[in-house]
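As given in TrEMBL:
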- 26-50: transmembrane segment (TRANSMEM)
- 77-98: transmembrane segment (TRANSMEM)
- 110-133: transmembrane segment (TRANSMEM)
- 167-185: transmembrane segment (TRANSMEM)
- 192-210: transmembrane segment (TRANSMEM)
- 234-255: transmembrane segment (TRANSMEM)
- 319-341: transmembrane segment (TRANSMEM)
- 347-367: transmembrane segment (TRANSMEM)
- 379-401: transmembrane segment (TRANSMEM)
- 413-440: transmembrane segment (TRANSMEM)
- 448-471: region 'Disordered' (REGION)
Amino acid sequence: MISASLVASGLLSMMQMSRIRLYKNYYLGTGLITVVGTSFATLSSAFAIFDSYYSSGKCSTTTAADGTVTKSACPDAYGALIGTSMLCSILEIGLSFVSAKKLKKLFPPIITGTVVFMIGAALIGDSGILNWAGGSNDCSGRPATGYFALCPNIAAPKPALWGSPQFIGLGFLSFITIVITEIFGSPFMRNASIVIGLIVGMIVAGPTGYVDGSSISTSPAITFLWVKTFKLSIYGPAILPMMAVYVTLAVEAIGDITASSEASRVEVEGEVFDSRIQGGVLSDGVAGLLAGAFTVSPMSIFAQNNGIIVLTRCANRRAGFFCASFIILYGVIGKISGVFLSIPYPVLGGVTTFLFASVATSGLRVLSMLKYTRRDRFILAASLSFGLGNLLVPTWTTYLFEGVTSTNAALQGFLSSLIIVVSTPYLSCGVIGVILNLILPAEGTEAPVDHVTHSRPPPPRSVVERDNDVDKKADEVSLKDMAVVSLEEVEAHGSSNARRHVV
């Protein structure tokens, strides 16, 4: 999967950078230096699909004598994920032909910022912190017996209970390396702080016996796409959630393309810019379709592109094409994928927790730019009610439709779709935000409240009004009074009428 993802990333990055003219003002690609990668937005929906497959019996499980349930490998569930994502990518392809102005109006910053924040926050809880403490698989429940009684499993080189001090310390080493690099490192090192954190963690984990080298030794020297294939299928209950994922990807793409255009010092308004938005969203949708054909989950534009452009001051697409070529090469060399697989979960968790928190921070940055009218605060509060609620208590909708006894397959599929949408933090808050943004009447920016008098200050007067007041006061001064007023004092008031009185 890692090899296929790297190859797909290189190929689809080239497509995004190409800016191929289709007809009239419609393009494929942005024409900006861009690297695309596997989207984090699909993870929550993927977990929901897999859980649904196991709970329905489509994927097998084994139950130990003490009641511990172990999930067996289920390639069909993964085939359903990529098959459903390929179908739903058509939605983003269609959105690319909608006016960029209409898209921005439908998905304003208060929606995009909230969704991005919840994506990062959900990933921290679903993956980052769990891996940091030993693993995000069944070992996190600390079962008494079974294959996952220890983390990451009982066959690992040095297994231990989930949350053991050695796991948390190993992850903290990677995390603190990122912090130290940011404080003392050169600009280049700070830009590569994530990689440095992984390297330092591996340097310590290797000699201490936490690295399983079997993945490197068993990996092929050369590999490519379709070495491992899956039976594609479409999982009906996942269609609505996956469509919401692609809407999220389109919204993210609009923001990332705008930031990359500004960093590249090209136009950020007008027909050319709108065509970049259209071409980028179209390429993002096509990338989701082709990624599924490459046996990997959807790929999208990464916000990190903007920081790289600003840091390196390089917006030349030739550099981007060289970068994409290297990524393809890394995917073809199978041993590199084996190295990634050998990284211990705590080391990976210490790095990805920081990475996912950066995603959440990007959402907060968007929200920080709002003027926060009463309407904005209301929409944000209502959205976070569902988003944070699902994040903190993910099982609260488990029995929502327990009383429905109908055997109708279509009805059951629709109810399963609703459960996935309602129980996924960023999807639920995004849906609530879009609905409220459309139905709540718009209002102007509120004036700040004086916390002493609890009253609002009068609106500021214009420069013309202030000048007229000065002129009026000057006209009221008698000639006798003006005779004793120095010309400098009159000029200090900035009044042309007063100056004429003196003359």
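Every residue gets a Cβ built from N, Cα and C, even glycine.
The stretches the transmembrane segment (77-98) and the transmembrane segment (192-210) do not meet in space: the count of Cβ pairs below 8 angstroms, excluding pairs fewer than 6 apart in sequence, stays at fewer than three. Against the transmembrane segment (110-133), stretch 413-440 shows more Cβ pairs under 8 Å than any other of 26-50, 167-185, 234-255, 413-440. For the transmembrane segment (319-341), the list of distant contacts is 2-11, 13-14, 17, 33-35, 215-224: same-chain residues at least six beyond its ends, Cβ to Cβ under 8 Å.
Taking residue pairs at least 6 apart in sequence, the transmembrane segment (413-440) and the transmembrane segment (26-50) share three or more C-beta contacts under 8 angstroms. With a cut-off of 8 Å on Cβ pairs spaced 6 or more residues apart, the transmembrane segment (167-185) and the transmembrane segment (347-367) reach 3 or more such pairs and are scored as touching. Here the transmembrane segment (413-440) has long-range neighbours at 41, 44-45, 48-49, 52, 106-108, 110-111, 114-116, 118-119, 121-122, 236-241, 244-245, 247-248, 375, 378-380, 382-388, 390-391, 394, 396-397, 400-401, 404, meaning same-chain residues at least 6 beyond its ends whose C-beta is under 8 angstroms from one of its own.
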